[in-house]
Amino acid sequence: MKDAIHQRISYTAPNGKQYNIRKDGKVATLIVRPRGWHLDEKHVLIDGEVTSGSLFDFALYFFHNAKKSVEIGIGPYFYLPKMESHLEARLWNDVFNLSQDYIGMPRGTIRGTCLIETIMAAFEMEEFIYELRDHSSGLNCGRWDYIFSVIKKLRQNPKFVLPDRSDVSMTTPFMDAYVRLLIKTCHKRGVHAMGGMAAQIPIKNNEAANKAAMDKVYNDKLREVRAGHDGTWVAHPDLVTLALKVFNEHMPQPNQLHIRRDDVHVTAYDLLNTHVQGGKITEAGIRANVSVSLIYMEAWLRGAGCVPIHNLMEDAATAEISRSQLWQWAKHGAKTDQGVTVTPQYLAKVLD
């Protein structure tokens, strides 16, 4: 990242192909994602104690790159993951203030975007923006981790058993409510509301399948821009053009802060309404979850954290959904659409 900010980064691939940073100024803006507050940096001790992974990641990047990033026309921008409470956002704000003071940088130079990817955070969106008020870029819908968080937090309650992962879409009541509340909250406070990541990726050598996947991405981005989002995520560089086209057509201006969404009234019940109209648990869904969990864990163990599986980009969050759904179904003895009860023994058989 230091090489990127100092614009001297290059890479030679095993096949001899060389990659260098563009010299025309059209370089992607780095938004750096430190680890979540729950993670440690076990390789570094301070006064005999293991260091916080969050502070380690932030400090190294900020110390070496903050001033240079301003010099090249951007700034020290951070993407803050995994938080469940506004008190964690307050801690980041304290870190930002201390760090800016330490290197003699004006307060407010740092910008932080909070990922709202836990069910707890959805209840404290205003508080997150308030705590980071001098540094807030806005909030981002971390849709896959959010689904995982709902399963994890409510795992003991049989009322919250979800159907097949493919049935839990952005139009599912609890997901739709979370998105609408996020946009309304951000625009009320004058910060950006960022959309989520469509998991589809380009499919080579199968035109029909590729068109179906791209149509899904297109419709996903269209729904987001019409809802009032100011920007979005994609899972693959080739999808940037598609997402830009949709947003440029429906959002010709830089953002949609003027769309206040005063029509939105989201209650606590709405955020917890996990009923999925027509949603089912199927053998195909179970097999897909087992397959993704297994293939992803194999990839993780050889150092790949983001892998295409069954034409979707799978990461730790989607693997966690797959794994935790299997646990949830077995825990509560859920029945498939064929009337088969999901048990640990049944899942072990599928795994074999």
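Just so you know, glycine gets a Cβ as well, placed from its N, Cα and C.
TrEMBL has this to say about the protein:
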DOMAIN    29-273  domain 'Malate synthase TIM barrel'
ACT_SITE  Arg33  active site, proton acceptor
DOMAIN    280-352  domain 'Malate synthase C-terminal'
ACT_SITE  Asp315  active site, proton donor
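In sequence order, Trp144, Gly305, Cys306, Val307 constitute the residues six or more apart from Asp315 (active site, proton donor) in its chain with CB-CB distances below 8 Å. Over all protein chains present, the Cβ of the residue listed as 'active site, proton acceptor' has 14 other Cβ atoms lying within 10 Å.
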